[in-house]
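K.L.:
Have a look at the structure that comes next, please.
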């Protein structure tokens with residue numbers, strides 16, 4: 001194959017440069033004339049098209065503002081493609097002219113393929129820029145339109161009914177009495193537990209018998225007795241007698257749909273020094289004190305019948321006590337790290353304990369001679385709580401940001417898994433509707449069904465909702481005013497009225 005000499009190759013390159021320079025000068029003059037002619041032709045043709053499209057829009061049933069936005073959008077698209085079309089025509093002419101001149105000299109250039117490649121690349125780039133621009137410009141408008149369409153469908157309605165304010169520190173736990181009079185109980189880090197009127201939000205009684213943080217509170221199934229667990233390594237049983245005040249009319253708080261686009265504030269509001277109720281009677285001495293733990297007692301609960309209680313502690317053990325004699329009946333050991341929660345079955349002698357060792361254990365006391373235990377391993381971080389449902393299910397929440405639903409008859413794997421964006425604290429499950437209320441570290445409260453479908457998120461803004469970590473939730477379906485209660489480290493408990501349409505639950 002012959003090879004060109006160096007001098008001839010250099011001369012050839014110089015000749016091509018001179019030709020391309022003269023070609024570019026002539027091309028500039030010709031393209032300016034062609035551009036003006038093209039634009040005139042396209043404007044004349046487009047004016048009639050725009051008139052026809054405008055007449056069609058006049059017959060549309062869309063609102064005027066929406067029609068105006070659509071016309072602006074279409075005009076921008078039209079201008080972008082018009083400029084792109086003109087540029088493509090110019091590129092084709094340039095390549096054709098260059099091919100003609102090179103052909104005259106006996107050379108061929110794959111102009112058609114290059115033109116297609118250049119046009120395709122440029123079109124792709126311009127289309128991408130246009131798409132991104134349109135997404136950014138009309139994102140807010142589209143969200144509003146979609147939100148208006150959502151408003152017409154059936155969805156959960158969440159109404160903040162009442163706030164219970166009076167503690168001087170964060171509230172760890174809350175519970176509602178199972179007997180009349182029905183009151184709300186709260187356990188706080190300020191070393192006290194309070195009983196509240198659900199209807200009025202007034203403090204009825206204050207228990208001040210503990211020397212440490214009160215970490216949980218549970219009420220006796222049939223008598224007016226409360227069980228509290230504390231950081232002072234004890235659990236107390238104390239009796240109470242309260243008289244409910246006259247109910248006040250509920251404040252007119254507009255119903256807020258449980259939606260994701262409610263205005264949320266990420267700023268913590270300044271802590272206010274809340275003065276406790278001065279006229280609230282107090283109790284300072286427990287009826288029964290349960291001692292045996294060597295660490296913080298983090299939770300306690302009554303077994304079915306109310307004759308025994310179980311406590312969970314940071315000493316990695318759960319203790320079973322006789323209420324009448326206050327004697328230790330069983331010490332439940334086996335967890336590798338501190339316990340975080342304990343819960344009893346509403347109708348059977350079953351206990352479930354949660355731990356920082358990423359497991360929860362099911363203890364069976366139905367047979368007095370055999371105390372079996374089952375270990376549930378499914379989480380990757382601290383199990384913050386595990387609770388029973390009315391059926392044969394256990395629901396567990398964890399710091400690994402998941403909630404799992406388990407079948408007691410098959411504990412190998414969960415039947416449903418709920419994945420969230422924040423650690424989950426003490427959960428609760430409604431008896432009638434079987435809705436799981438998830439309190440989160442990020443101040444949110446979400447509602448899911450037992451199959452893992454999200455139903456709602458409670459509204460939170462600068463005016464309502466929790467401002468700090470939400471520690472616990474508790475359902476009370478016997479009360480018509482408030483059927484869900486939540487508490488958090490913003491020193492308040494909140495009563496909500498939750499209305500979940502049946503159609504939404506069946507989705």
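Quick reminder: no glycine exception, Cβ is built from N, Cα and C everywhere.
Where the annotation comes from TrEMBL, it is an automatic prediction and has not been curated.
As the structure is a computational prediction, the values presented were derived from the model and not from experiment.
Okay, these came from TrEMBL:
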REGION    1-49  region 'Disordered'
COMPBIAS  22-31  compositional bias 'Polar residues'
COMPBIAS  32-43  compositional bias 'Basic and acidic residues'
COILED    74-101  coiled coil
REPEAT    164-206  repeat 'WD'
REPEAT    207-238  repeat 'WD'
REPEAT    290-331  repeat 'WD'
REPEAT    332-373  repeat 'WD'
REPEAT    376-416  repeat 'WD'
K.L.:
Would you list the DSSP helix, strand and coil counts for the residues of the repeat 'WD' (290-331)?
P.N.:
0 helix, 24 strand, 18 coil
K.L.:
Determine which residues of the chain contact the repeat 'WD' (164-206) at the Cβ level, with the cut-off under 8 Å and only residues 6 or more beyond its ends counted.
P.N.:
212-224, 226, 228-230, 240, 242-248, 273-274, 276-277, 280-283, 299, 426, 468-469, 471-472, 474, 476, 478-479, 481-482, 485-495
K.L.:
When the repeat 'WD' (332-373) is classified with DSSP, how many of its residues are helical, how many are strand and how many are coil?
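P.N.:
Computed counts for the repeat 'WD' (332-373) are 0 helix, 27 strand, 15 coil.
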K.L.:
Which residue counts does DSSP give the repeat 'WD' (207-238) for helix, strand and coil?
P.N.:
0 helix, 18 strand, 14 coil
